[in-house]
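Colleague: TrEMBL lists these features:
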- 89: active site, proton donor/acceptor (ACT_SITE)
- 153: active site, schiff-base intermediate with acetaldehyde (ACT_SITE)
- 182: active site, proton donor/acceptor (ACT_SITE)
């Protein structure tokens, strides 16, 4: 699979305009990226812009800190699906991961995943690896699998760092099932993206997709 097919072309800046979202969608179609990843308020706009193409629409949920209560995340997820999202990137309750509160974490993931799967959509759970040690990452992997999420994702881009090779290796150490991995946060070059794919990532989240593709062209 070509590099472009791994990329979630991302625009989550809170000041992003509708014109910028439409340009994001045009770029995604031109480069044949896997998806556009946008804020919930832009899902309907993006869905209309890519309708009839292979580009999928991804919305973030509970972004960027994961501190919404589960009921709010479920409502946000349902609205995003109604607006045309086919993928949801949900930030987990990181405080509950750090506290080891398995029931709370698994239940939240399962409830959002169930809504996604009922609509033929997928869910990626963002665990913010910059805030977790290996023990917490192992716990997060277990909860993501128990909640039947499709992906585990490294980062929001709002922590002190993005995903690292060590994070991906840690995911692979503790994931036991079919859960896929998405790397994100600070991926700006073709070499970085390719390295994460070599490590086993099925998706790359980046706002630098065009630059990465143009890097090859140059």
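Note: Cβ is positioned from N, Cα and C throughout, glycine not excepted.
Model, not experiment: these values are computed from the prediction.
Describe the structural context of each listed feature in the structure shown, including burial, neighbouring residues and relevant distances.
Modeller: Cβ neighbours of residue 89 (active site, proton donor/acceptor) (same chain, under 8 Å, six or more residues apart in sequence): 8, 37, 58, 59, 60, 61, 63, 123, 124, 126, 153, 182, 205. Secondary structure at residue 89 (active site, proton donor/acceptor), as computed by DSSP, is strand.
All protein chains included, residue 153 (active site, schiff-base intermediate with acetaldehyde) registers 30 other Cβ atoms within 10 Å of its own Cβ.
Secondary structure at residue 182 (active site, proton donor/acceptor), as computed by DSSP, is strand.
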